[in-house]
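Student: Let me give you the structure first, and then I'll get to my questions.
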Amino acid sequence: MGQFTVVSLGLLAMFLSLSGAKGDNCPASWISRNGVCNKLFPDRKTWLEAEMYCRALKPGCHLASLHRDSDSTVLAWYISDHFKGAGHVWIGLRDTNRKRTWKWSDRTSTNYFSWNQGEPNNVQDDENCVHLWAPSGYLKWNDEPCASLHPFICQYKL
């Protein structure tokens, strides 16, 4: 009887600890990284159309924000492995005030940048949105006119 009680209490404790834990489960077509879910959408949209599409998917969903090299690497592998020839891919960074002050659409901090060499260059004073640059293997960023059409990555926190 004593062993049964110990096992039962152990299972109860495990159940209670797991029931309060946040799972790291993204829907089947999304990838998980560092507590967020990401998905690439191959439809070509403007930056604003892409951001609005992400927001309509789920509360708290936005174009992807990247905050460290490991975030960039995981998404680069994902895009390269599953979407060959996708072209450049929108992320959630843009210069809303046209003053070279870059902000994420999810309002998280902008303490990490992975610009391609010579970027951001704001060609013709019209490059205020950011995409993952395909020739860099999606590891580097480029500023681009927001009206350009690209696939995009949506992201939400678990």
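Note that Cβ sites are derived from N, Cα and C of the backbone, with glycine treated the same way.
Copying in the features that Swiss-Prot gives for the protein in this structure:
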BINDING   GLU127, ASN142, ASP143  Ca(2+) binding site
DISULFID  CYS26-CYS37  disulfide bond
DISULFID  CYS54-CYS154  disulfide bond
DISULFID  CYS129-CYS146  disulfide bond
DOMAIN    33-155  domain 'C-type lectin'
SIGNAL    1-23  signal peptide
Student: Taking Cα-Cα distance, which of the disulfide-bonded residues CYS26, CYS37, CYS54, CYS154 are within 10 Å of CYS146 (disulfide bond)?
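Tutor: So far as Cα distances go, none of the disulfide-bonded residues lies within 10 Å of CYS146 (disulfide bond).
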Student: Can you tell me the mean pLDDT for the domain 'C-type lectin' (33-155)?
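Tutor: Averaged over the domain 'C-type lectin' (33-155), per-residue pLDDT gives 95.
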Student: Round to the nearest Å and give the CA-to-CA distance linking ASP143 (Ca(2+) binding site) with CYS54 (disulfide bond).
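Tutor: CYS54 (disulfide bond) has its Cα 20 Å from the Cα of ASP143 (Ca(2+) binding site).
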Student: Let me know the most crowded of the disulfide-bonded residues, choosing from CYS146, CYS154 and counting other Cβ atoms within 10 Å.
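Tutor: When each Cβ's neighbours within 10 Å are tallied, CYS154 tops the list.
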Student: Quick check for you: of the disulfide-bonded residues CYS26, CYS37, CYS54, CYS154, which have their Cα within 10 Å of the Cα of ASN142 (Ca(2+) binding site)?
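Tutor: Final answer: none.
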Student: Of all the recorded positions given, namely CYS26, GLU127, CYS129, which is spatially nearest to CYS154 (disulfide bond) at the Cα level?
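Tutor: Its closest listed neighbour, by Cα, is CYS26.
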Student: For the recorded Ca(2+) site formed by GLU127, ASN142, ASP143, which further same-chain residues have Cβ atoms within 8 Å of the site's Cβ center?
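Tutor: Near the Ca(2+) site, the remaining chain residues are GLU119, PRO120, ASN121, ASN122, VAL123, ASN128, CYS129, VAL130, HIS131, TRP141, GLU144.
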Student: Taking DSSP as the reference, which of helix, strand or coil describes CYS54 (disulfide bond)?
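Tutor: In the DSSP reduction, CYS54 (disulfide bond) maps to helix.
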Student: I'd like the number of other C-beta atoms within 10 A of the C-beta of CYS129 (disulfide bond), please.
Tutor: 28
Student: For the binding-site residues GLU127, ASP143, which one has its C-beta crowded by the most other C-beta atoms within 10 angstroms?
Tutor: ASP143
Student: Any same-chain residues 6+ apart from CYS37 (disulfide bond) with CB under 8 Å of its CB? Would you list them in sequence order, or say none?
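Tutor: When sequence neighbours closer than 6 are ignored, CYS37 (disulfide bond) has CYS26, PRO27, TRP30, ILE31, GLN155, TYR156, LEU158 within Cβ distance under 8 Å.
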Student: By Cβ count within 10 Å, point out the most packed of the disulfide-bonded residues listed: CYS26, CYS54.
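Tutor: For the disulfide-bonded residues CYS26, CYS54, the Cβ with the most other Cβ atoms within 10 Å is CYS54.
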Student: What is the number of other Cβ atoms found within 10 Å of the Cβ of ASN142 (Ca(2+) binding site)?
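Tutor: Cβ-Cβ neighbours of ASN142 (Ca(2+) binding site) within 10 Å number 20.
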